[in-house]
Amino acid sequence: MDASDPRLAEGVAGHFAAQAPARLGVAVSGGSDSLALLHLLHDWNGAALHAVTVDHGLRPEAPAEAVEVARICASLNVPHATLRWEGWDGRGNLSDRARRARYALMADWARGQGIGDIALGHTANDQAETLLMRLARASGIDGLAAMTPRRIVEGVTFHRPLLDMTRADLRADLARRGVAWIDDPTNVDTAYRRARAREALAQLAPLGLDAEGLARSARHLAEARATLAHYAAQEAARAVTFQAGDILLDRTRMDSLRPDIARRILQAALHWIAGPGYGARGREVDRALEAIRTGGKTTLFGCVILPEREVARVTREYAAVRDLRATPGEAWDARWTLTGPRRADGAEVRALGPEGRAACPDWRETGLPLASIEAGPAVWRGASLVAAPLAGLANGWSAALTRDADDFRAFLLSH
Ligand SMILES: Nc1ncnc2c1ncn2[C@@H]1O[C@H](COP(=O)(O)OP(=O)(O)OP(=O)(O)O)[C@@H](O)[C@H]1O
C-alpha cells in the first residue's frame, strides 16, 4: 500500500485546527466520499468518532449497505448507528424531503448522544456539480454560492472538511487503502441530476473548467453572499423593530434600500416568524416589498403584512396556525411557550382566533392589531378560553417568545 496523500490528511486536520470537538459524529452513507472521510478522520485521531448511517427505507439494498458501513466501522473500532426514516407520506419532492429528514434524524441522534458536531463528506465535486445544477435553475448569488465548511442545523454543527478535495483524490486514497465503496447510495432523483451534472463537468474540461475551478468560483460567490448578508444585518438594525412576536419594518428605510438588501431583510422576517421551511419565492417577496412600499396588505409564507402609518407589520397568518396544538410548557408554533400558575389539567395551547378574541374585552389596550391578536397563542380547555396573555386576558398565565433579535440577526447572517 502506498502512503496516503498528505494533502488530504492536512486538509482534515486544518479544518479542525482552530477547535476540535471531543466527540465527533461522522455521517457515512457508504459512498466513496464519506468512507474516505471516515478513514481520514480515523487517521487524524483528534476526536472520538461516532459514525451514523441513515437508511431512508427507499431502496431494497439500503439495509445491507448500512450493515456494510457498520462492518467497516467495527474494523476501525468506531461505534456506528443506523437511523431509519419512515416518514415519507408520498407528498412533496422526495429528494428534498429525504435530505431534510436525514439532517433532522442525524441532529436528533447527535443531541441524544451529547454530540454537538457531525462531519459530512461533501467535496469540491459536489460544489461544482451543485453550481452547475443551480445555474440550470438560473439561481442568484445565494443559490450559486458555495456550501460553507460549517453550518449549524437544529443546534448541531455540521462540518464539511473535504470541500477542497476532489472525489478522484479521495477514491485514490480509498484504493490505496484497499477499501471498496458503494456506488451512488443516495436517492435516485438527486443521483440522476448529479450524474448529469457530473457528465457535463467532464465535457467542460477542454474549456479549463474543472471541479476545483468551479468550486473556487462558488467560494467567491459565498464571500459575496456573506458581504450582502453583513450589510443587510447592518441595515436591519435601523429598519426593524420587534413587538410581541411581530416584526415592524420602517417603510421609508425599506424603500431606500437596494432591492437585494430589502429582500434579505423581509425574508429573514418571514423566517423569524414562520420558521425556516421552504422559503418564499423571489417573485412573491418582490410582490410583498411592493406592497410594503405602496402601503398594501399581503399574505405570504404563513405571514400577513399589514400597513401601518410608518411601518409595515409582519405578523403570523391565523389560517397557518389555526390547527396547531401544544400542551402548556411546550413550544407552540415553534416559538411561543405558555406557562400557567399551576398544573392546568386538560389545558391546551391553540391560536386565540376570532371566538377567543371575542372573549377578551381588553384586547385593544394591548396596541396590537386584530390580526396579531387572533393569530397569537391562547390557553383553552375544550371550547372555553382559559387565558390569552397577549390579548390582555392573563389569568395568571404568561407567554414567552423563544426567538429574539439576536436570532433574527443570526438568521440574516446565515442565509
Ligand atoms: N444516507 C446517508 N447516511 C449518512 N450520511 C449520509 C447519507 N447520505 C448522505 N450522507 C452524508 O452527506 C454527505 C453528502 O451526501 P449527498 O451529497 O448525497 O447529500 P446531500 O445532503 O443530499 O447533499 P446536498 O446538500 O448537496 O444536496 C455524504 O458525504 C455523507 O457524509
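Cβ coordinates come from backbone N, Cα and C, glycine included.
Annotation comment: TrEMBL describes S29, G30, G31, S32, D33, S34 as ATP binding site. The secondary structure of G31 (ATP binding site), as reduced to three states from DSSP, is coil rather than helix or strand.
The domain 'tRNA(Ile)-lysidine/2-thiocytidine synthase N-terminal' annotation in TrEMBL covers 25-199. Summarising model confidence by region, the domain 'tRNA(Ile)-lysidine/2-thiocytidine synthase N-terminal' (25-199) averages a pLDDT of 91.
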Among S29, G30, S32, please name the binding-site residues whose Cβ is nearer than 6 Å to ligand 1. S29
